[in-house]
């Protein structure tokens, strides 16, 4: 057993963060095993070597020596113990005698060793175990870095013996002993408890781990370098933590598993687990309940908690494989292969009733000493490559090439696909594949029989047709439940007519609800959280096969002891039910009761809390009577004047948490029947806080009212609205909500509603702790805010408006969405915009002062508006302050794409920023190469021939954006684009719609835009929600590495959106070698976004920036990065406030657009911008009013204002102010809603000592160190070939640690010759295993030949040249059945050839623009979002082919007639080859492929062409179908 827990991590715990919302990590992970030989030291050394080969996937602290974590799980080193002469050793000569011994590995403080030993003795005596020996594990402290040395524990092993138990019975006993010891230690002083951790306690395995880098693990633990250490398997892990002061205990492996990824649903998993713990009282663990509980711990990481649950399953008699099938199930609903294994589907169906999945990207490697294996999440979001040899060696890891394997011995090279599993039975020396494992497990019980007998399905029933209210009555009900005119007309009616959420543009410029003087529902105080960096968002439309809204009603039984009756449930395809379906619940075999949620309006002696608790107690009583479904309802026949309903969100949260505390939650489902729920955000919150189903009766009634309205009927009759029945309109509304729910789930990376249910994935802005404790326990509310009483009084005011004598015939329009005079305040109001236009066009300081006053004197809108400045110095003369140019250099524009903006706007912004020494941001979509050179062709009238559409130009103006953005769609990202940047920005998220992708509507894709983006005109362009090469923090580090390779002179920035826990993410980004981190606020602008995202996702940059700066300072990382902020910056005062919070650079988006001429028409998404700013229509572009000098004037005004404030404060430069948040004080302002707002998080999160604030001396650009490309470029023959444009051939050995090979060479060539002007040829022949991003961003003239294999991201962004990959000549097995490439290859390619004689992984050719490729097999999601190029697949293929594919051609050889079942037909269609031109196209590229690769499969096809031609399908999107139709017409007209 090993023990460690030095918990001195310095991650800021802002306002009670539970660790689980701030701990995130990723890593490299794997296992090796040897089936056909005895345990050997070779396995130990091979595992340590493999671990070292994945060092680049791990992170390290600020000292660059302390690792985020590294470790191995191996067999117990009995031979080492024998050699040390421990007194029990004679008994270890027989293998049988070893079975009754266990070893505990402990990390702990040396100060309390005696106390710990006494506790051990007590526990061992109680459980009748003999203490054989204590052993201090020999370690070398000298190799530790400062951080790991400061936290170093004492590492101790405890060897014990049982006299009557062996094997698994002993391990179960040791589990109980460990839990008992942990309970006893927890009662000691807090420091002893926190510094104690048992790594492992087993008769089979032991864990060695710590805050170490890979190569230092073996140096630290002397045991690992001892030749006596033998094992026949090993599991290893290298951690990349975004918590920069990791704990020794959180290094991995855990006790049974090692995890690469992130569990997105953790809070919900823990809540449900806590609720179900009481079931242990009536199970095999009944005698040990008090010892085992709690199973999970809010303070532990996601991996540690998953390991704890897995451990319970294993000790309850499950194998790790079965347990992980239950906890991390595959997406079985849309898996064609499962048609052959219906029993596996039955298994998943049964357990989906009982267990919510632990959802998120996950490669989990596991062992219990008998089995070692791995499983992958349902989406296949982590790489997992394996190799099996003919002498029984097997290696599985995050990368291929980490083990020394002779190619001649290879039997199989494969990968785990989504939801797949592989394991080794160590006792039987068997390798078990995915279907073998699952088929065996699923036949354990008659699951199908159980489900068929006890599960019912809720059928979809007709909606109601009646509508009995007049307008006044309807308005009274709407008013009582908080509806406004916008809610009805912009939201509900839009959904009813279109089946879509409403879309708006330009972001949210209204006050935060807690600052607003207008009434807000409790829903509005919640912000949706979203995935960024540490896990990816999902596309709910193109990847719907992994998404599901299925939910189950009924009690949850003890999953550890499955029985038939536990299948008793009602299955709902959607959580949204209508009135008839709600009534139908009473007809099933579950007992249902309705609990009214109206309470007396006049509370008298009872408080509001008492009334809520009374309802909770009533629910408790019903459960004791056997009720299994509780319907919490505010439906009432007549609105009562003397009563008021409790908000459905408040009551469902209160009941949910009340029942969790009572350990009753698993016994009942909660259904909400409410009038106060109509937007997707409302539904998401109700489900997130415990509702299983919702009937929005008033929303349905509103739809019926709209449909019956004479105006609606007239619009339908005239064709201005689609003709709909009353049933269709209500179904549209439900459909829109369902789509919106899927989007909200997917932006967090969650696939299943059952995982989102109760997961509480929100942040609260403006509710007090008493509200949180009652109904939202575990949700972070950093600002405090409205109390329960204040909420009650607020809701009472709104409710009472329904009973005024003269109720208006029309609901009030409070202007929450669209600006209206006298309604909700909008910062970007007409007066502000017009004043700014006049100021910049006339260069008028007085008008700018008016503009400034309009903003500085406004009512509080943002949190920073509640702060004012103070100073510790005397004012100084402005002449002593840094000059205006120094300030201007810190300014930049937000990323706004050419496509969303007109060419005129985009180029004007770039020119003006270059004039002032600032930086413009290209946004996504590329740039015309003519912009990369300064303008020299002005005529006498100041008109440029190249830029004839622009006004106000000067000689030497430069239209190139200094910041070139790399977004998820990779549109326009070419080597030429990248090398012409001063900064390269990776856009992870956008403030107005974080966690979502984007679309450029086809009507905005003009021929010019299509040329820049390498696509076809008029075709809608889709940007995926995630970067498909960033699914984790180490993936981001890889992309940063790649960009530093292609352009070593450019800084790399990473754009994040403020949200809870952004500090830890930023810490990971800093360790990932980013130069700049940009924090965007939730109020950023957008060309188009769902209204619910604009209003309810993300957080203010104020809190995000404060958190990031504080976290980086605390962890000695602040000086490594520049911090930039954007989102709603408008004045010099904003700049000063942001600087005091830690920002060094400042981005302007919306206000820069206004200065350019934007009139805030908010129609960007329609292509109808009236002033030509955000349109591609030439007639409207001709109206563009802006000239560069307008925007220059604006920025000079702001910079001069900054200088004035600096002088008033007594500071000479912005540099002096950065991070000095003690210069803030809170304004004396009385808010209309509460006096309880706490702003401490903005200016003294760590009680900042000025001495802690680093002097920010940033290196110009971070480097990658010496890499293989540098070695190649140091060779004179290669440099000469580049300079002379000649030909060269060079042979090179390559390892998996050689990453992004070819990119730096490509960057140099492109910098020298441009896109297509290099006429030489560099042929580089590699042998070995290439690291990630092999051939990324290569250009014309570069030819990479690899004999071996490659990892993920091969050829991403390639623009020319060729990549040829073939297996080693000595490999005996057929190459067409072997995996030779990783995931996400050819991502965003804009040219060149990739030929691979083997199979590729998931998402092959994702967003391919113009790459040409032939491979012999692909995984799921091939050709996703493809817009051009040619792909040929000659082997097996996965699901969801061609999703979002709008251009290009693909040919698939369909030998088993499965293509049509695996094709996403939303856009593309599959057809046989219909024309001679198609056949020639396919044959030509196959002939070239066969010449280049010597592929046996290609030769076979070509030799039997007519036979195989009939088996090919052509995948054709609409843009290509037109072209092929024209070819067919020509063919038939000529030959028929």
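From the backbone N, Cα and C atoms, a Cβ is placed for every residue, glycine too.
Listed in Swiss-Prot:
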| type | residues | note |
| --- | --- | --- |
| ACT_SITE | 27 | active site, for GATase activity |
| DOMAIN | 27-427 | domain 'Glutamine amidotransferase type-2' |
| BINDING | 1105-1162 | FMN binding site |
| BINDING | 1158, 1164, 1169 | [3Fe-4S] cluster binding site |
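Feature map: Swiss-Prot annotations on the structure.
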| residue | record | DSSP (3 states) |
| --- | --- | --- |
| 27 | active site, for GATase activity | strand |
| 1105 | FMN binding site | helix |
| 1113 | FMN binding site | helix |
| 1121 | FMN binding site | coil |
| 1129 | FMN binding site | coil |
| 1145 | FMN binding site | strand |
| 1153 | FMN binding site | helix |
| 1158 | [3Fe-4S] cluster binding site | coil |
| 1164 | [3Fe-4S] cluster binding site | helix |
| 1169 | [3Fe-4S] cluster binding site | coil |
Cα proximity to residue 1137 (FMN binding site), best match among recorded positions 27, 1164, 1169: 1164
Cβ neighbour count (within 10 Å, all chains shown) around residue 1169 ([3Fe-4S] cluster binding site): 28
Segment-level pLDDT (mean, integer) for the domain 'Glutamine amidotransferase type-2' (27-427): 90
Chain-internal residues near residue 1105 (FMN binding site), provided their CB is under 8 angstroms and they sit 6+ positions away: 1058, 1079, 1123, 1125, 1138, 1141, 1142, 1143
Cβ neighbour count (within 10 Å, all chains shown) around residue 1113 (FMN binding site): 22
Cβ neighbour count within 10 Å of residue 1129 (FMN binding site): 25
Any further residue of that chain within 8 Å (Cβ to the Cβ centroid of 1158, 1164, 1169) of the recorded [3Fe-4S] cluster site: 505, 506, 1153, 1159, 1160, 1161, 1162, 1163, 1171, 1173, 1174, 1175
Fewest other C-beta atoms within 10 angstroms, as judged across 27, 1153, 1158, 1161, 1164, which are the recorded positions: 1161
Site with most surrounding Cβ atoms, counting all protein chains shown within 10 Å, from the binding-site residues 1121, 1137: 1137
Distance from residue 1129 (FMN binding site) back to residue 1158 ([3Fe-4S] cluster binding site), taken between C-alpha atoms, in Å: 16
Residue among recorded positions 27, 1164, 1169 with Cα closest to the Cα of residue 1113 (FMN binding site): 27
Length of the line joining the Cα atoms of residue 1153 (FMN binding site) and residue 1164 ([3Fe-4S] cluster binding site), in Å: 12
Inter-residue Cα distance where the pair is residue 1121 (FMN binding site) and residue 27 (active site, for GATase activity), in Å: 22
Rounded to the nearest Å - Cα separation of residue 1161 (FMN binding site) and residue 1169 ([3Fe-4S] cluster binding site): 7
Sequence-distant neighbours of residue 1145 (FMN binding site) in its chain (C-beta under 8 A, six or more apart): 890, 891, 892, 1076, 1122, 1123, 1124, 1125
Residue 1121 (FMN binding site) to residue 1164 ([3Fe-4S] cluster binding site) - Cα separation in whole Å: 34
Alpha-carbon distance [residue 1129 (FMN binding site); residue 1169 ([3Fe-4S] cluster binding site)] in Å: 23
Cα separation, residue 1164 ([3Fe-4S] cluster binding site) to residue 1129 (FMN binding site) (Å, whole number): 20
